[in-house]
Amino acid sequence: MKRVFFFDGSGPPLGHMLLALGGYLGGFDGNFVWNRIGAEYSSNVPVRSLRLLPALAGALSVPMAYQIVWELGFSHCAALGAALLMLIENALITQARLMLLESVLIFFNLLAVLSYLKFNSQKHRPFSPSWWLWLTLTGVACSCAVGIKYMGVFTYLLVLGVAAVHTWHLIGDRALSNVRVLCHVLARAVALLVLPVVTYVLFFYVHLTLLYRSGPHDQIMSSAFQASLEGGLARITQGQPLEVAYGSQVTLKSASGRPVPCWLHSHQSTYPIMYDNGRGSSHQQQVTCYPFKDVNNWWIVKDPGRHQLEVSNPPRPVRHRDVVQLVHGMTTRLLNTHDVAAPLSPHAQEVSCYVDYNISMPAQSLWRLDVVNRESDAETWKTILSEVRFVHVNTSAILKLSGAHLPDWGFRQLEVVGEKLSRGLHESTVWTVEEHRYGRSQEQKERELELHSPAQTDVSRNLSFLARFSELQWRMLTVRSDDSEHKYSSTPLDWVTLDTSIAYWLHPRTSAQIHLLGNVVIWASAGLATALYALLTCWYLLRRRRNIRDLPEDCWLRWVLAGALCAGGWAANYLPFFLMEKTLFLYHYLPALAFQILLLPVVVQQVGEHLCRSELQRSLFGALVVAWYSAACRVFAVLRPLTYGDTPLSPSELQALRWRDSWDILIRKH
């Protein structure tokens, strides 16, 4: 709303942009701070507009479930059963009624599958307008699913896998000419590979175009990215010289940003003579990485062959592989490293500012500049744009942020070391010049007060959209949110058995509350159907190996495709969570559950048509299905007060709804 850049680590920007669109259409001015769960909305927050998109996505998922089962070739009754199950699943309803993105993700997942099935049904009319429409929509829907949450990539890979198998069969069709086959392959490659990538990048283009102002999350990005935003660093760096020269006064920011963004820093304090573990130090001046802007972050780039600390006229730019010295601006001591173990990283060298104690420990203050993102070996060192490493001339150690917090004697600042065991390029060894000015005075007192700024050079224009996109994408993939244990966190094994819940809201005065709880009949039946599908498939495969065809070929292909998309969709959206080291919640399971619900009526129809041989068996099975669905409807009705949060319940009624000890139903103690 306010065009302020933000970064919350939750994933790609499409979902946030769609929610923001709802707020914009509802007249929201952005003047509400979303920093406390349960806070009462002010009158300027258009809650209905903000909830419209998730609710609409959840509602549209119901007819799409019908369409998918029908397109798979199953009966209208099976398709209607899938839609009705989606309609009465309490957890899906709860998630769709709030300003959350899981329902939108499920919508695009189902849209991708439905579009591909529609496209596949057009195989006898290749390259027709409807053929192109559904193929293109498949690619766009996959891209939108990934653009909502990275979990969408699981469904995208599933659709790609099914499309690849179908394409492989197409290649083997001798009735098609080579040119025709090539056209089919190219069309699928463009629609399912190129188009999703282009669409995904377009989401970021719109995102970065809209959020052009500096905000509270700038610090996690590089200096070049920050300088491209209006206000903030762009205001500070306006008018800075582009090329770093001998005599330049600079602040050096670590490119890592982890554990926090910080700048190379020194101060008058020295390393303790003896550490707590009994190891000794050089007792030199401390060099750290400090997460705040400070006058002690300033360094002067010095030519080792000259004594002057000001910029000559004309300035002499520093280039790749030049040897420099870094002089701490406030203490005038040289950045130094030597064969003394670092305080917290004994495998690495201590980095200090050299103090001459008149002992046999000469200064080792020469550093060779390595411009990592250079375009040529004659590349100059540029403000903000250049990513550089400092390689110690004497020992070949690389200046590195270890990320460890120093003890109290180091003021809890971050440790900087000389890394001799570095293999390859790592962000922790890369530094960028953030603030820069040309020094003009040799007098230390005047230098400390120097505020001269040269003529303006617009550095921010040099950062292209692709550079900003690449950096933001990398941060989203690598910056981890808080992984600490949460009251409502759970494990993937808890989800299948519904052994967990999430309390979303409690009325401040009554017992009305909203819980993320699933319909236990549907969840148990879906799990049973998945297991039964696997058993039946194994049985059919064994029988087919013996050349016994229990199913006609068209029924077998329909059964296999349903399993690939529905059972495969469940597995693709569920099993990867066992490998994730992050805090997980019940709502992470909902996309997988949606695919399981699609599989449930498929298995029911298969059992009714092919395993129930006699009319009596089919009648009994039909009655059992009706009773089962009635039970699911009954559970939905019983849990409805916790799904909608519109009915206050007594403590005894709430206790009666606590069907599992792990369900955290909130009961007020009066």
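Heads up, the Cβ atoms here are built off N, Cα and C, so glycines get one too.
Automatic, uncurated: that is what TrEMBL annotation is.
As recorded in TrEMBL, the features of this protein are as follows:
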type	residues	note
DOMAIN	241-304	domain 'MIR'
DOMAIN	315-372	domain 'MIR'
DOMAIN	376-436	domain 'MIR'
TRANSMEM	68-88	transmembrane segment
TRANSMEM	100-119	transmembrane segment
TRANSMEM	131-148	transmembrane segment
TRANSMEM	153-171	transmembrane segment
TRANSMEM	191-212	transmembrane segment
TRANSMEM	516-536	transmembrane segment
TRANSMEM	556-579	transmembrane segment
TRANSMEM	586-608	transmembrane segment
TRANSMEM	620-639	transmembrane segment
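Between the transmembrane segment (620-639) and the transmembrane segment (68-88), three or more CB pairs separated by 6 or more residues in sequence fall under 8 Å, so the two stretches touch.
A Cβ distance under 8 Å defines the sequence-distant neighbours of the transmembrane segment (153-171), meaning residues of its chain 6+ beyond its ends; these are 109, 112-113, 116, 120, 138, 142-143, 145-146, 181, 184-185, 188, 192-193, 196, 561, 564-565, 568-569, 572-573, 576, 591. Across the domain 'MIR' (315-372), DSSP assigns 0 helix, 26 strand, 32 coil. For the transmembrane segment (516-536), the partner stretch with the highest count of Cβ pairs under 8 angstroms, out of 100-119, 131-148, 191-212, 556-579, is 556-579.
Distant neighbours of the transmembrane segment (556-579): 68, 72-74, 109, 113, 117, 151, 154-155, 157-158, 161-162, 165, 492, 495, 530, 533-534, 537, 540, 544, 549, 588-589, 591-596, 598-599, 602, 606; these residues of the same chain sit at least 6 beyond its ends, with a Cβ under 8 Å from one of its Cβ atoms.
Tertiary proximity for the transmembrane segment (131-148) is limited to same-chain residues at least six positions away from its ends with a CB under 8 Å from its CB atoms, namely 11-15, 101, 104-105, 108-109, 111-112, 115-116, 118-119, 122, 125, 155-156, 159-160, 187-188, 191-193, 195-197, 199-200, 203.
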